[in-house]
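A short worksheet on the structure shown next.
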Ligand code: NDP
């Protein structure tokens, strides 16, 4: 079975599982292990790396920058995010340049508005276009924007160029399936699922111990975490960006892309963790 790919509207194509970096770069003693984990992931095809100026206040970007030394930069699709209070005008240019410095690169593949703040979406789109013209970013997108925000964005001049919406999505939090996900699928806009492991179950008590998830893990000779990832990427146009700070976890996550859940498996998961039948506010962490 071929592994699933995600195709952006400009035809950039990526494997459906990437690597998150939240909580990396917070502790210098953990750094060598974090660098090793990222490098192992790249080797195994987890070539999208998601970071942000927020994570460890630039520390996570520095870890990624170190991991990419030795010729790995061109093998990855590098994503970073701008704080909402930096997401316009000169502040955005400076924030992007600081991210590039920490990442030891001269261009980001994707730059995201981390969440919506006081600047208008139009101001953010304008500066994203400037950053593209300056060659500092290859494309831009957003994060934590709900359906109504996405409608507003798509009505703004240039707003339709948004490459992705990065949102919380895991088996225990399926709100986006009501309206946001179908709309993104209709636009052929990939969705990037953050917290795909519900932060190792911390965001949803009992998720990894659920008997259905455990049964499927047993049936597929997989771990429960792998079943959660396989479920996330079973949705059209959805990629997952689990964070793993150990090579063992990275290896598991990479192997999850080969697990194919059957219609019966998916029905059992739906039964235990139903899809939404009404609008709920976008879940965030
Ligand atoms: P995840 O759902 O990815 O969970 C991460 C946790 O799962 C860590 O404790 C990790 O442990 C553990 N883990 C990883 N792989 C396995 C495995 N195979 N088996 C068991 N446990 C495992 O949560 P995150 O919050 O990190 O979300 C993923 C990424 O999404 C972030 O790192 C960040 O890049 C992005 N994000 C974006 C947000 C936004 O607002 N745009 C908000 C939150 C996250 P260990 O580290 O020890 O390997």
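Placed from the backbone N, Cα and C atoms, the Cβ positions cover glycine too.
Annotation source TrEMBL lists domain 'NADP-dependent oxidoreductase' at 17-271.
Here TrEMBL flags 55 as active site, proton donor. Under DSSP, residue 55 (active site, proton donor) is assigned to a helix (H, G or I) in the three-state scheme.
Spatially close to residue 81 (site 'Lowers pKa of active site Tyr') yet at least six residues away along the chain are 51, 52, 53, 54, 111, 112, 113, 114, 143, 166, judged by Cβ distances under 8 angstroms. Marked as site 'Lowers pKa of active site Tyr' by TrEMBL: 81.
DSSP gives residue 114 (substrate binding site) a coil state; it is part of no helix or strand. In this view, residue 114 (substrate binding site) is surrounded by 20 other Cβ atoms within 10 Å of its Cβ, with every protein chain counted. Here TrEMBL flags 114 as substrate binding site.
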Task: Chain-internal residues near residue 55 (active site, proton donor), provided their CB is under 8 angstroms and they sit 6+ positions away - done: 21, 22, 23, 24, 25, 61
- [ ] Would you mind giving the whole-number mean pLDDT across the domain 'NADP-dependent oxidoreductase' (17-271)?
- [x] 97
